[in-house]
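Have a look at this one before I ask anything.
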Amino acid sequence: NPYTGLVSHLRAAWLSGKTRPMEYRVAQLEALGRFLDEKKQEILEATALDMGKPSFEAYFTEILLCKNELNDTLNNLSHWMKDERVDKNLVTQLDSAFIRKDPYGVVLIIAPWNYPIHLFLVPLIGAIAAGNCVIIKPSETSKNTERLVAEVLSCYLDNDCYAVVTAGAQETTRLLENKFDYIFFTGTSRSPSVGRIVMAAAAKHLTPVTLELGGKNPCYVSDICDVQNVARRVAWGRFFNAGQTCIAPDYVLCSVEMQEKLMPALREAITEFFGSNPRESPDFGRIVGDKQFRRIRALLCSGRVAIGGQTDEKERYIAPTVLADVLPTDPAMQEEIFGPILPIVVVANIDEAIDFINARPQPLAIYAFSCDSKVVNQVLERTSSGGFCGNDTLMHVTLTSLPFGGIGSSGLGMYHGKFTFDTFTHHRGCLHRNMGLETLNALRYPPYGQQKLGLLTATFEIKRKGMCTLL
């Protein structure tokens, strides 16, 4: 296997204990901060070359949000690393019971192309903070960013403990044959099938995994709302990064009356954001590759094109598009769109919308818009998803205090902020007992008896609060 030597090298570094001291972890994290500061322009240029990503969007997602994760981790690392003291029973009152925060060992991070810096760097921050050695596999689809990461990251990080592997699908399959102590995989469109491949490879070594996949994120719009605000927030979430966002609103559920109100408001919002010809806008991106372009273009036959619909294969341009009167059986409703197309599916009421959502696989995010908070809460309480955002789109992902992850076919596990540190940490339950006081242990030793059992129960039993024992 071409990667066995590399994995073995990192494992030897991990076994040496090099990555465990807090000072070492902080030094490596600070080096990532210098990478973001010093290579800011190269990051903006590489993401623009790969997918026409506007510099504003690239700075916000690939640099600012990463620096937030980094600073949150550096601000809290000493606290996160500390042993966590736990409650004790009567027998262990004189002993030490705690949770030790151990690194897993050598971990693998497989990143996607749509946010090619953010989606390898955020898990990497947590993996380093937790004390692991790491192999990073950036996406080969975003070629310019992959080249930048491969050429430059080794100048900032300790090469004995952190390595970048450039690989296509076949090479990644060989890479996955090696034993890792944790695998973190983020996919893009159609990622559940790839997630199954990663999980199957991990199962051969009983390796734990985090799978960040995706899905069709519903966006329910009630009849009671500020239509202009809804249109702006939905259009921003759908067309940000040219729709190539795993948590983008994938389709709108609303009444036929609301569809009629939303359409001019969405048209106005799109014009406000990108001008009368979005193709000329510096603020609207392009599809990452020809294969992805053709797949998305094929979805335009769903419903009727109410806004946009223009395409240019040479530029890999698909206009911000809204499809009206889309049926559940239409192609756009059979797979995650992962492009700048927003279908609107008409439902009679909130109950029908919730039934529609619940009849499909659990999505990565659910959005609900209403001026009535009871309506938003109803959608929250009666559905299941990785995350939820009421009266906006995407914004929940900006909080390091919230866990980010999927459920069911949209993913497994969570990260961001402390949740990333916890993901890459083995929480080791520890009890350190006093060597003396052996008479306290006599209750559990044979020969057994009813009196011993009564005393054992009294010292070990956990009682419901508010209950008392009558003697």
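Every residue gets a Cβ built from N, Cα and C, even glycine.
Remember, TrEMBL labels are computer predictions, not curated facts.
According to TrEMBL:
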{"type": "ACT_SITE", "residues": "Glu212", "note": "active site"}
{"type": "ACT_SITE", "residues": "Cys246", "note": "active site"}
{"type": "DOMAIN", "residues": "18-426", "note": "domain 'Aldehyde dehydrogenase'"}
With an 8 Å cut-off on Cβ-Cβ distance and a minimum sequence separation of at least 6, pull the same-chain contacts of Cys246 (active site), or say none.
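Asn114, Thr186, Gly187, Thr188, Glu212, Leu213, Gly214, Phe338, Leu364 - these are the non-local Cβ neighbours of Cys246 (active site), listed in sequence order.
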Determine the Cβ neighbour count for Glu212 (active site): the number of other Cβ atoms within 10 Å of its Cβ.
28
So what pLDDT does the domain 'Aldehyde dehydrogenase' (18-426) average out to?
96
